[in-house]
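Below is one structure, written out as structure tokens, with a few remarks after it.
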Amino acid sequence: MSEMTPREIVHELDRHIIGQKNAKRAVSVALRNRWRRMQLSGDLRQEVTPKNILMIGPTGVGKTEIARRLAKLANAPFIKVEATKFTEVGYVGKEVETIIRDLADIAVKMAKEQETKKVKYRAEEAAEERILDVLLPPAENQWGEKEQNEDKGTRQTFRKKLREGQLDDKEIEIDVALPQVGVEIMAPPGMEEMTNQLQGMFQNLSGSQKKKKKLKIKEAFKLLIEEEAARLVNQEDLKANAIESLEQNGIVFIDEIDKICKREGSNSGGDVSREGVQRDLLPLVEGSTVSTKHGMVKTDHILFIASGAFQMAKPSDLIPELQGRLPIRVELEALTAGDFIRILTEPNASLTEQYIALLKTEGVDVDFTQDGIERIAQAAWQVNERTENIGARRLHTVMERLMEEISFDASEKSGEQLTVDAKYVNDHLEMLVENEDLSRFIL
């Protein structure tokens, strides 16, 4: 779990996302409150529930990007889902409980990686001994029994060569565990739990079989480390720790929640199904127990962050019960031409940096001047204003169109230099930007 302060979280988000100060502050406080809650005594800790967040803002302003970056910072089980992927119980499609089941899989994977790191040194030692046993097999006595090889000097010599990588390309034959047979079972919606149980049963029937395999020592060492680490990790404890981490620190990000709103004045059957998805989400957000293949998961203390553009619907179109479960509202602002200039230059691995690096691989040096960047930003903003406003995503379209010619010819122009200034941008984009019909179809 992340121990970063809200200021540190905002600073980290600032490296990748321009503007949206309020949204960054809200998610940073929510993330820090997870840590604060864990410092409380047992009884009080159970009473402190997370304050779920609803992010409202037009498309392309950074809602999803905040979620992506938050996932890396959280160091906790995190899942991002699209609300439109789910259907009401009884309809064909995924049920909302699969969110928690998928999150449980993520939590177990994270716990496995953490536990494997703890035993990595012991696993490496055990794998090393197994390889040395293959390289220096113990001699057999007259009764066919294996005797311990007492020549420690030879073993140490081989150990030194092994650690220095001198034996990496030597082939050896080792016993490796066969991967468990994966059985794909197609089941109707709502039967995911039964499917998981059947798959587990078939995997157990296959057992842990081994077979001899000829591999280079470098590859064999990796396989043996994985085998030894799996043997050293207690699987039951691992699952228990994963579920504990999920229940106390889990975060669910639900994108496009506005698409499951019942629009005002609409009485279509599709809207009924959408409202059903909201009602199915309620128990999860409110706190319920979900059955997963790793065990029962309580959702009482999982943090839910929902986001939507709310262009066709309003937050008040959500069912009242769900509105009440999303107490913190954050509005993200539409991006201006000035924001576009910052997006092109300030973030880590900005768009201009990416194009410079990509064309550098062909030997072409690209230089973006300040007036060139300003003209690109202005062009993207103009197209957004005249057609559909898709936010910062418009920059990708404009940049791809602008760099199309040099990207195509780059392999034949190795050693050349290209300066992208205002004149270059005007020559390549002006007609498209000024002509609204062309903008609609090309940009």
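Glycine is treated like the rest: Cβ placed from N, Cα and C.
Remember, predicted model here, so these are calculated numbers, not experimental data.
In the record from Swiss-Prot, residues Ile18, Gly60, Val61, Gly62, Lys63, Thr64, Glu65, Asp255, Glu321 bind ATP; the candidate from Arg122, Arg130, Arg386, Arg393 listed for the same site is Arg393. In this record, ATP is bound by Ile18, Gly60, Val61, Gly62, Lys63, Thr64, Glu65, Asp255, Glu321, Arg393; the longest C-alpha to C-alpha distance in that set is 34 Å. Here the binding-site residues are Ile18, Val61, and the one ringed by the most other CB atoms within 10 angstroms is Val61. Neighbour counts of Cβ atoms within 10 Å were compared across the binding-site residues Glu65, Glu321; the minimum falls on Glu321. Within the same chain, residues at least 6 positions away in sequence whose Cβ sits under 8 Å from that of Lys63 (ATP binding site) are Ala23, Met55, Gly57, Asp255, Ser307, Leu332.
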